[in-house]
Amino acid sequence: MGEWVIGAFINIFGSVAINFGTNLLKLGHNERERLALQDGGGKMPLKPIIHNQTWRVGILVFLLGNCLNFISFGYAAQSLLAALGSIQFVSNIAFAYVVLNKMVTVKVLVATAFIVLGNVFLVAFGNHQSPVFTPEQLAEKYSNVTFLVYCGILILIVAVHHFLYRKGEVLISTPGQEISSYWKMLLPFSYAVVSGAIGSCSVLFAKSLSNLLRLAMSSSYQLHSWFTYSMLLLFLSTAGFWMTRLNEGLSLYDAILIVPMFQIAWTFFSICTGCIYFQEFQVFDALRTTMFILGMMCVFIGISLLAPDDTRGNETKDNSSSLDSIVSSSVPTEEDRLIPQSSEDGHSKDTRVVVQGMYMKAADLIAKTKTACLAALGFGEDSINASAILVMPMVSSKITGFRGNGLERAKILSMRGSGWSKLAMEEEGTRMLEKTISSKA
């Protein structure tokens, strides 16, 4: 049995464990909310989720799955494992049905069939080699002309889509400007492409680290080297970027659009990066290339079919729009808050308010960054079904939807529309600020 088979099985078990863990995390949050309703009628504050036994088991299974996926990259090709990670969608359906008692529709079954069929093609015709590289060989591959050209193209793609995204933001923020359906589709697409292109590099660095770990176990190679630490730093940076963009993107856009875009972009760039860097395409002939591409198309079709219902997305969007208007009308703008109470000490009060506002803004950004990093591990007040860094996170499906609540989305949209000049503060922060102004008046 080839080593690629071992890597494939480890990856499958890891993906299944990740999905089982995330469903247990979701179940733990549901149990906590149900107990809060039973004990205090929903008025009592929720206990920390870490006290829930189901959640603790879920986080252990989740971490075990991530470790298995990390190990698997040392035994099989990146292009194979990146595509094979889509098997988690199949296991998620089964676990959501058994653990969360969710309904499985015909559309979900059809999507599952496409994903399974695509994975059969990918496994049968993918790269079956699993060589172990030395640090010198890995470093040499980073200076390969083909890989450098690919990196240049990748940077160009990221720059173009980032420019388009910023241009679209300017058009949206312009008062009275009509936004065409073209820009409404291009904005989330550009956001997903930038996120997937950079975030998928975490798979490359993870495979390099896994390769070094495997080399250290089979020889006298010492992990204590500049190359190992460089790979670790790059992995943490790209993985952190991916998780942050993933969390933010799901709060900004309807899941029916952004979910399949995220998943397809991440998988596509992960496969391309592995094929170019490790030169995995060299073993492909015309037949294997055709069947591998066909398998990828089947997987992408299946992922697209797993997007949430349009009706559900519209309902959420309508609710978000109404909440956005509520938040916008209830939270005073910066200009309203910074009106001086008197002409004598207006300047000093204005300065104090601005300084306090800047401080609260910085604290809010730090809190959001911390939340984004911990969200994928299930920590925090809200359950988030992000599954892994090394495989495409199971962020949303018809079974276990992953969307920020409407109030969070409204706050973010309000902040994005107002810009830096208008400080977007939470309600508690606003009350504290107004109280400070009145006490010093």
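Backbone N, Cα and C define each Cβ position, glycine as well.
Taken from Swiss-Prot, the feature compositional bias 'Low complexity' covers 320-330. For 334-347, the entry in Swiss-Prot reads compositional bias 'Basic and acidic residues'. The region 'Disordered' feature in Swiss-Prot is assigned to 313-347. The topological domain 'Extracellular' annotation in Swiss-Prot covers 1-4, 127-144, 206-222, 277-288. Sequence annotations record features per position, and here Swiss-Prot assigns topological domain 'Cytoplasmic' to 26-56, 101-105, 166-184, 244-255, 310-441. Swiss-Prot lists 5-25, 57-77, 80-100, 106-126, 145-165, 185-205, 223-243, 256-276, 289-309 with the feature transmembrane segment, giving sequence analysis as the kind of evidence.
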Listed stretch, out of 106-126, 145-165, 185-205, 223-243, 256-276, that has the most CB pairs under 8 angstroms to the transmembrane segment (80-100):
106-126
Could you tell me whether the transmembrane segment (106-126) and the transmembrane segment (289-309) have 3+ CB pairs under 8 A, leaving out pairs under 6 positions apart?
yes
Need one number: mean pLDDT over the topological domain 'Cytoplasmic' (310-441).
46
If you run through the topological domain 'Cytoplasmic' (26-56) with DSSP, how many residues end up as helix, strand and coil?
22 helix, 0 strand, 9 coil
Cβ pairs under 8 Å only, please: of the recorded stretches 106-126, 223-243, 256-276, which one is richest in them relative to the transmembrane segment (145-165)?
256-276
The topological domain 'Extracellular' (277-288) - residue tally per DSSP class, helix then strand then coil:
8 helix, 0 strand, 4 coil
